[in-house]
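Just below is one structure, and these are the notes that go with it.
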Amino acid sequence: MEISQQAGWCKKPASPMNTRAALEAVRNTAWTIVLLTSAAVMGASGISRVSANLGHSTVMTCPNRTNISMVTWKINPKTGHQCTLAYLIDKDSTGKNSCSDRINWRSRPDWDQALEIQQVGKADEGNYTCEVVNADGNFHYLYHLTVLVAPRMALYCDDHGNPVCEAETVKPAAEISWVPESNSTPRADSHGNGTVTVVSRFAARSTNGKNPTCIVSHATLNETRSINCSSRTLAQLPGGSAP
């Protein structure tokens with residue numbers, strides 16, 4: 001059966017018998033068509049959940065396949081538009097559609113098809129798909145990216161001389177504990193911008209002469225600080241300021 005250029009790429013599912021013919025059609029098609037369309041998937045793996053710290057870089061890799069003819073990265077953020085990177089190996093040609101300059105190949109795509117995001121932001125959260133084409137068909141690998149934000153923390157004395165520890169995060173919420181152990185229950189307040197502030201007020205009956213110590217636990221940071229409210233001495237945790 002004769003395969004037209006349009007049917008060969010846009011509509012015909014890839015199969016071991018027709019893959020070479022489909023790739024021949026791709027070579028004669030504009031890069032905009034390559035970037036905005038998707039071939040059928042012959043093989044797939046599960047979703048890998050990855051996380052990156054806000055403002056840092058992160059890398060996602062493609063599945064290891066031999067005799068690759070084309071590689072495509074498709075980015076579907078929770079907010080904003082889809083963007084696509086593509087590389088046609090036979091022609092040593094790359095294409096890019098709607099992607100930020102921060103999102104690009106980690107190195108030369110002819111020998112490293114990994115995707116790198118520089119200065120990761122909250123808007124980068126979402127699904128990332130690498131599609132690889134070779135003589136056996138099309139294969140893809142899925143990632144779900146979560147962006148972590150380090151807590152903003154403060155340790156201070158309230159108007160009654162009680163130690164108060166605060167930690168503000170986007171997600172997940174930080175955990176706060178005290179030494180000596182306090183019988184107070186931390187309060188978590190959610191805000192419209194997606195952040196969560198956890199507040200804990202030290203309420204132990206006795207400290208045995210020791211300064212209360214606040215312990216903040218989070219995926220991106222673990223900090224321990226002490227404070228002496230009997231003399232109203234202020235101690236701060238890095239990244240925060242007391243009111």
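Cβ coordinates come from backbone N, Cα and C, glycine included.
The annotation topological domain 'Cytoplasmic' is assigned in Swiss-Prot to 1-29.
Look at Swiss-Prot and you will find 30-47 tagged as transmembrane segment.
Annotated domain 'Ig-like V-type' per Swiss-Prot: 47-146, in sequence order. Within the model, the domain 'Ig-like V-type' (47-146) shows a mean pLDDT value of 92, rounded to a whole number.
Taken from Swiss-Prot, the feature topological domain 'Lumenal' applies to 48-243, supported by sequence analysis.
Sequence-distant neighbours of CYS62 (disulfide bond) (same chain, 6+ apart, CB under 8 A from its CB) are VAL71, GLN113, ALA114, CYS130, VAL132, TYR141. Annotation comment: Swiss-Prot describes CYS62-CYS130 (among others) as disulfide bond, evidence class sequence analysis.
In the three-state DSSP classification, ASN64 (N-linked glycosylation site) falls within coil. What Swiss-Prot records for ASN64 (among others) is N-linked glycosylation site.
Non-local neighbourhood of ASN67 (N-linked glycosylation site): ASN134, ALA135, each in the same chain, at least six residues away, with C-beta under 8 Å from its C-beta. What Swiss-Prot records for ASN67 (among others) is N-linked glycosylation site, and it gives sequence analysis as the kind of evidence.
In sequence order, ILE47, ILE75, ASN76, LEU142, TYR143, HIS144, LEU145 constitute the residues six or more apart from ASN127 (N-linked glycosylation site) in its chain with CB-CB distances below 8 Å. As annotated by Swiss-Prot, N-linked glycosylation site applies to ASN127 (among others), with the evidence given as sequence analysis.
Residues or ranges marked as domain 'Ig-like C2-type' in Swiss-Prot: 144-228.
The disulfide bond annotation in Swiss-Prot covers CYS165-CYS214 (among others). Cβ contacts within 10 Å of CYS214 (disulfide bond), excluding its own Cβ and spanning all protein chains shown: 26.
Feature annotation from Swiss-Prot assigns N-linked glycosylation site to ASN193 (among others); the stated evidence is sequence analysis.
The Cβ of ASN222 (N-linked glycosylation site) lies under 8 Å from the Cβ of ILE215, VAL216, each of these being in the same chain and 6 or more residues away along the sequence. Annotation source Swiss-Prot lists N-linked glycosylation site at ASN222 (among others).
Per Swiss-Prot, N-linked glycosylation site is recorded for ASN228 (among others). Under DSSP, ASN228 (N-linked glycosylation site) is assigned to a strand (E or B) in the three-state scheme.
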How do the residues of the domain 'Ig-like V-type' (47-146) split into helix, strand and coil according to DSSP?
3 helix, 56 strand, 41 coil
Which residue, out of the glycosylation sites ASN64, ASN228, shows the minimum number of other Cβ atoms inside 10 Å of its Cβ in this structure?
ASN64
Can you tell me how many other Cβ atoms are located within 10 Å of the Cβ belonging to CYS165 (disulfide bond)?
28
